[in-house]
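Undergrad: So TrEMBL lists these for the protein:
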REGION    A:112-131  region 'Disordered'
REPEAT    A:155-187  repeat 'WD'
REPEAT    A:200-231  repeat 'WD'
REPEAT    A:340-372  repeat 'WD'
REPEAT    A:442-464  repeat 'WD'
Amino acid sequence: MPSILPLCTLTPPSASRLWSSHPHPTLPLIATASSDKTVRLYSLASLDLESTITGGHKRSIRSCAWKPSSGVKSGESVLATGSFDASCGVWRRWEQGTGIGKLAKGLEKGKGTEWEGLGAEGEPEEDERDFTRGLAGGAEEEDEDEDEWRFAVILDGHDSEIKSLAFSPTAPLLATCSRDKSVWIWEELEDDNFETVAVLQEHDGDVKCVAWSPVEELLVSGSYDNAIRVWREDVDDWACCGLLEGHSGTVWWVEFEGADRFGKVGAGASDSLSAEQQILLEQRKAAGPRIISCSDDLTIRIWRRVPKEIKEQPTGQGKMPSIWKNRDFEEEWVQECVLPKAHERAVYAVSWSRKTGRVVSTGSDGKVVVYEERWKGGRNGEGDSAMADASAVSGRVEGRKDEATGSSTEWMVVAEVENAHDVFEVNHVVWAPRADKGKIGEDEEVIVTTGDDGEVKVWLLNDD
Amino acid sequence: MSAILSADDLNDFISPGVACIKPVETLPLHKPSPSSNPYEVTTEETVHAENPPPAQISLTDCLACSGCVTSAEAVLVSLQSHSEVLETVGRCRELRPEWLGGAESEGNGMVNGQGDGVQEKIFIASISPQTRASLAATYGVSEREAGYMIDQLLSGPYGLRAGGAHGSGFTWVLDTNVMREACLVAAADEAQQMLDDREAGLKRPVLTSACPGWVCYAEKTHPHVLPHLSKLKSPQAMTGTLVKSVLARKYGIPPEKIWHMAVMPCFDKKLEASRIELTSHAWAGEEAERVRDVDCVITARELLMLAESRNISFPCLPRTPLSKTFRPPFPDPAINRLLFPPTRKPKRSTASFEPSAIGTSDGYLHHILLTQQSRHPSSSIKVHRGRNADVSDYSVLSAEGVEVFRAARYYGFRNIQNLVRRLKPAKVSRMPGATRRPAGGRLRKPAGGGEAEYAYVEVMACPGGCTNGGGQIKVGDVMTLRQGGTGMSNGGDQEIVPAQKEWLARVDEAYWSAESGDEGVDESVDEDGDHDMTNADTSNGLTNVNANGSHANGDGVGDIIDGIDRSRVKAFFDRWAEATGVEYEKLVFTTFRAVESDVGKAKPVGDMERVAGLAVQVGGGW
């Protein structure tokens, strides 16, 4: 039976509330948005504070987003910050000093991929910087301390607090959402030259969260109006192509399933699957990554797209169709299931592991809960016993089965911990690659929680 | 953009519109007592849980976001609704020109013809071309027929005059296109003036100020662009000034005796009509009572509601021109000739461009480009479509291929964002201490360095321009309307964008059909079968230059540009100033000002006083 074990609290903690933490796409770094108007960058290798971004915003930084590595110059990190001051800042830093140099060192030691060799020793990085200086962006950068975060551009436009922001992994697009009820999409035409390409105003309330699909230019947003909307570019403008209704409270977080995960269940081995299970997986592949959402209504829901069928055009005899619908543009999303109820108060965040497909949630009640999707009926080696174990411990085996699916999988709670941040609310949870000394396997992950107590905590999911 | 608001929605209190961009957070005047913890999330929850006090958004906040008004604005804007039209037309007796003294009579126009104490007013309406296009597309008639139907409704024997306590109707129904031509010529001159004298006057680029949604947004949110705004009045405002100034002077009556209604594609035009800058004080001095130049703005949808309220079936109205007996001549012959041209000539020759080049918003940019082109013999206009259909870039290239003039079109909120951001003066970063390098310079350069090079930008708040205004008939209502009802169910389901686009294309087509004169030049035959005779009238002193001639005159520009006779328009301006004794500048220009929103600030007075104060201020008349 898995359990959630505390690994450590990143040091030093902040004196004020922390909102959310966002792992760097390649380096063992995590950026934590703080209500003291700063971003704290912690090393997941040394588990210490590595640097701080200050001086940019006038109010709380609510969220931040790393530009995907595909979109940046090699060796540079780009971080966008979304603040309650209604602006979004973009920051840059050359990582040669900390990244490439360390990488070289890490590789020497045979430690593998880019970020893994980094900083576990907690050494000062001065030595490495010199031999990479030549790569660090040319003469005009000479006077700059390369370790330093450089403010690059500020994006104004929102009328109120920015709640969340996200870079598209498939296109040079940044989405921001705000208490002004709008979602903005910005295109980066060239470095730091952003243009507003869309202002989407269909939500009736504060927009809490935005997230991009990992495989296509598809954006999802969750709002105080209890709705989730899916957005896509039509002929000339972005528009809402899907409305996901079901939550009865604020939707605090939405997220897509990982690109490598959809079409898999559990460990993903497909050799011993029944025909029925094979069909389900095929259907999921056709539908694309699912969406997960969590809400003030205490539920966590999973939504899936209904794959398009080719339909004949209605053949009206010169009549104006009574309902004007563009079936090519609209998407139909259905609720696939509700995860087993584990929270007693609002669920603020969920994170869907890109590696294992597990989901971790947290919220106002201070709990951290891990869920897993399994085949029903104990096939595929997962076994009835595992289910029974889980049920014995959690007492909550399965979520509400949804008619829409007739699914042959079910979600169950596999582990949970209470009072993760003592008596404080936990604002955010995310899976991150493990990078500290204790790391065992390549794909090992940690759970990172961010709380009102100013602490960022790292947890291990012990599978024993 | 303000598609949500309609007079139907107006009641004593309206919560912020669905897409209101005003921060509600600053509104509560009292902190929720139990939770003194300034936990940002919690505060919001509590605010929403307790019934918040009505959002206070001042009149000068814009509707551009999508239409949110509150009690004060609701009262003011509800003064401009179809029911207000009904009430006024029903209550007041129509003041017919024939009852008034002749031109320039001294003061005796005040005499009540019947002596029974019933208020009397001259009723006059002006109709935007976009409204006609919307109705034309709705009922499958031509744009011109739609115009005739509106004339019939407002002035004709089967229209408003068939009912009401006094059988009152509108004495004149004008086409705002007439004043639009004047606006276009003045706009071209204004742009040229900016080029000639870079020190004085407007900042480059000049930005269109005819869209009230855009103007309000700029005044509220981006004061730095105000020095760029064209000082010209919009066609609605200029028409208002024209009718009030000329009629008041000619009949010797105070302007409040003249009731001017405009039918517009856009709800924000109601707010424009409420602007303090657009009242009689601007042109008649401040001694007399302040009277608005436009008393009431309604939209196409409200026009249909107006008809329905009087049990008039709009689609059943005659699609023929109204007999002359219902339209006395405007008291100034020269202006009469301008307002009611003898034949509807094709406004614009489309030989060298697609009608869509005019755009859907009165064609400011197009006219300015053609004016610039005429200044440079053998020059050509190059169009470069921007990243979406609502942005384009235009260059006038000399015969040698050198760019002599650059302009652009920016429609829609998302594109306006990019424009205002780039017009922002370079300043030290808001992020001090973040870097040793100032944020300007290298990091802030605009894409292609374009915006500062523009001499003129046509800016409209609505994507797709004015034919897509919030007051236009919604595609969801069309079927019901055609079946006879008015189907005003607040637009129905408007979520499906592509359908709306297809519908828009039809409205645009109707709009351009009028622009390009595709309907052909008609010998307009009125109901009585008489041919229009006005073209024989040459006694008005305005020279009618051969429409094909393009001889250069003093200002180095051809006379006929874009189908508009410049010298005729200039003669009109002179005539107008002469007839009213008011300077040209006071008649055609207006001003803009940065607006401090009073949202969230301590209210000095109670709601009622504030509403009353505002109403008095703008001549709301209650």
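From the backbone N, Cα and C atoms, a Cβ is placed for every residue, glycine too.
What's the neighbourhood like for each of these?
TA: Tertiary proximity for the repeat 'WD' (A:155-187) is limited to same-chain residues at least six positions away from its ends with a CB under 8 Å from its CB atoms, namely 59, 62-68, 70-71, 80, 82-90, 194-201, 203-217, 219, 221, 223, 229, 231, 238, 259.
Within the chain, the repeat 'WD' (A:200-231) has long-range Cβ neighbours (under 8 A, six or more residues past its boundaries) at 163-171, 173, 175-179, 181-185, 238-245, 247-259, 288-289, 291, 293, 295, 297, 303, 331, 333.
Across the repeat 'WD' (A:340-372), the model assigns an average pLDDT of 96.
For the repeat 'WD' (A:442-464), the residues of the chain that approach it from at least six positions outside its boundaries are 2-10, 13-21, 23, 30, 32, 34, 40, 42, 44, 47, 112-113, 351, 353, 355-356, 358, 360, 362, 368, 370, 415, 417, 420-422, 424-434, 436, judged by C-beta separation under 8 angstroms.
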Undergrad: Please spell out the DSSP helix, strand and coil residue counts for the repeat 'WD' (A:340-372).
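TA: Counting residues by DSSP class gives 0 helix, 16 strand, 17 coil.
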Undergrad: Determine how many residues of the repeat 'WD' (A:442-464) DSSP places in helix, in strand and in coil.
TA: 0 helix, 14 strand, 9 coil
Undergrad: Could you give me the DSSP helix, strand and coil counts for the repeat 'WD' (A:155-187)?
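TA: Split by secondary structure, the repeat 'WD' (A:155-187) comes out as 0 helix, 18 strand, 15 coil.
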